[in-house]
């Protein structure tokens, strides 16, 4: 296995560093430590040469908009952009994930999914490989899942917004949810929209459970905002609280018992509210929650830097505290099964050989070494001795073949069981790769530690964790000044707010 990055990965990281040189010097240090983490992962067999932890995190602020097909996601995005870029309607009007990116050109352009799959600057780089793992061959149909749209909106400068298709059909559902998981991992902010007109999810319950269950135990669960949209429909009966309670019950049944709903509606598309006091109450609630949502959207530029360093720290801790213990345990299971099976199979074979050599219970084919004199034989060593040695060598070879066959069978059994028990797709791939690396035929069965895992690797990971803490402190210094003595202007870590990503 190649223990280093491919030329493509090196070139991509070099390009990333060049981009960050002018925008954010603090993050250049983060790229350096990502390279160090990659080096450890290559040696441990965790990463392929064409993969890098640095490419698993978008280096531009990323906002994802998810939800059911009628929840008003596209209308919200159009209002935010000040442009009717996304189609809207009460039925599913778009069946693709749409990446919205700033462009200096006044005319909007729509580019195919290949533009995202083949460009490492965007969050869907090589997503076709993940789709292929869900449904073989579907990765070739990447244009059926993704598209890129450009827009000359000032609100989109320095950001990427992803509009998801509504989860309303079973067609391509598994692949769609796989892409959704990928988005939730990468995004700085995830807006999950629900439709106040349909307080009971009904057929959407399994998808709702998928979305919600994936947020509960995440280390970054605070980036999820649950938005109850189109609350103006409750004004006629003045039952907003009942609708909110119904959705909260639905979320609690899916496993989310904490959190709040941001309650909004689009004033341009809203039904008229005749009662002045009721209208004022609804508009006040809308304005309050919209301000908080917009505040979080603007905050992603700051959160991006912290998120990138957080991914660095989280990845290092995952190797040390999750992957290595899991692999160590799997290797112990594998070793035990191999030794037990060896004892049964090879032990039985050895007993049969001894019975054939020293008794008449089993026949012995060829010269029997037990019946030959091996110390100063009369007439010297002859063909019988050579034949018996050849037979013993053949038996030893058969024993070795059986042992390695048992090793491979037990490795497949233990590995498949571990992958099946693992719910996270990315961890499934990691466990399968590193376990295969550690059960290769050239590695001793008796080694208890994973390959290349030693005190040096531990120290390297600890150094990365220390450096990530130092980077966080540098970011804090750019926003805070507890002593109040230094009055010089803090440098801008947000980068060039007027930069372009397309």
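For all residues, glycine too, the Cβ spot is worked out from N, Cα and C.
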Which one of these stretches, 451-476, 477-502, shows up in TrEMBL as region 'Disordered'?
477-502
Of the residue ranges 305-324, 385-404, 405-424, the one that TrEMBL records as transmembrane segment:
385-404
Listed range which TrEMBL flags as transmembrane segment, given the options 274-296, 343-365:
343-365
Positions on the same chain near the transmembrane segment (343-365), where near means CB under 8 A and six or more residues out:
391, 395, 398-399, 402-403, 406
